[in-house]
Amino acid sequence: NHMDVVPVYLEKWTHPPFGADLDDEGRIYARGAQDTKYIGTQYLGAIRALKASGYKPKRNIYVTFVPDEEVGGHLGMREFVNGDYFKNLNVGFSLDEGSANIDDSYHIYYAERTPGIRFKISGSAGHGSLLLPNTASEKLNCIVNKLMGFRATQVKKLQDDADPFIGVVTAVNLTQLSGGVQSNVVPPLLEAVFDMRVAIDVDIVAFEKQILDWCEEAGGGILLDFIRKDEYVPATKVDASNPFWTAFQQALNELNLKFRPRVCPGATDSRFLRTVGVEALGFSPMKNFSIIELTHVLISICMVLRLTRKSFQLLPVYKA
Ligand SMILES: [Zn+2]
């Protein structure tokens with residue numbers, strides 16, 4: 001569970017963001033209620049209920065509250081899992097945040113896509129009245145066209161998918177543009193940031209090479225700055241070879257709940273756990289919800305506790 005939240009824009013709130021207002025339908029409005037205060041709350045509630053029932057787990061259960069997830073987790077979970085304290089805990093399995101789903105099934109995240117590249121594009125500089133060769137804007141135009149062409153293939157792939165979900169394709173979006181000196185000067189440098197979430201079946205090395213080739217085709221002189229770039233992270237197995245998956249699946253089946261293993265569209269702390277060999281699943285027990293609604297709403301804590309309690313009863317029977 002991460003403790004940090006994203007910034008508050010007061011004018012967008014119908015309730016005070018730090019007030020934790022409860023409405024007549026049992027919804028709590030509070031900053032970070034969904035992402036991810038309720039996850040930590042559900043685990044503490046489940047552990048308390050299990051202790052009260054006299055349940056004794058075969059393995060230790062730890063609950064973590066870490067900072068910095070919203071800004072990449074490098075000084076939060078990544079630092080934590082690489083320290084001796086974490087190694088000595090001998091952790092085999094982790095449950096972390098998932099996200100809400102709009103239909104009546106739960107999404108279980110077992111892998112993630114990887115983000116973001118900044119292109120620093122240099123070119124000939126000079127007076128705006130000239131037609132100089134190799135300007136930064138021409139190179140930028142070329143890069144944008146290449147990446148938007150690739151984006152179109154991913155849109156098509158998603159449209160053609162029988163069970164479309166954004167996690168299976170690579171998302172590419174131009175998110176920031178900067179540069180320029182003044183209106184009549186051809187600038188020596190322009191910067192473009194593309195948010196890229198690379199699908200897990202893409203060969204990252206080949207994909208990077210493709211981008212470098214496009215930079216050369218554009219005329220060269222382009223520096224790539226990978227933002228929050230992580231090494232390749234293996235997916236958690238969602239088949240019979242993973243006893244934790246089997247136990248989790250069994251818990252959901254016994255409760256007659258519909259679920260689908262998915263690739264998480266964004267990045268979470270689970271990737272750092274997977275990197276050090278811990279099996280990790282992302283799960284937020286909320287269905288029939290839109291994500292927008294969930295930016296500040298917490299609902300149905302009773303269901304969350306019931307489900308978590310059941311999972312916790314089943315998970316520790318396995319000796320991994
Ligand atoms: Zn989160």
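A Cβ is built for glycine as well, from the same backbone N, Cα and C atoms used for every other residue.
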Query = Which of Glu79, Glu97, Glu112 does TrEMBL put in the same Zn(2+) 1 site as His2, Asp35?
reply = Glu97
Message = Using the CB centroid of His2, Asp35, Glu97 as the Zn(2+) 1 site centre, which other residues of the same chain sit with their CB within 8 A?
response = Asn1, Gly32, Thr36, Ile39, Glu69, Glu70, Asp96, Thr268
Note = Taking only the CA atoms, the spacing between Asp35 (Zn(2+) 1 binding site) and Glu70 (Zn(2+) 2 binding site), expressed in whole angstrom, is 10
Remark   = On average, residues of the domain 'Peptidase M20 dimerisation' (118-219) score a pLDDT of 92
Task = Quick one: pull the CA-CA distance for Glu97 (Zn(2+) 1 binding site) versus Glu70 (Zn(2+) 2 binding site), whole Å only.
result = 12
Structural state census, the domain 'Peptidase M20 dimerisation' (118-219) (DSSP three-state) = 42 helix, 28 strand, 32 coil
Ask   = List, in sequence order, the same-chain residues at least six positions removed whose CB sits under 8 Å from that of Glu69 (active site, proton acceptor)?
value = His2, Asp4, Thr36, Gly76, Met77, Thr268, Asp269
Key: Cβ atoms near His2 (Zn(2+) 1 binding site) (within 10 Å, other residues, all chains)   = 24
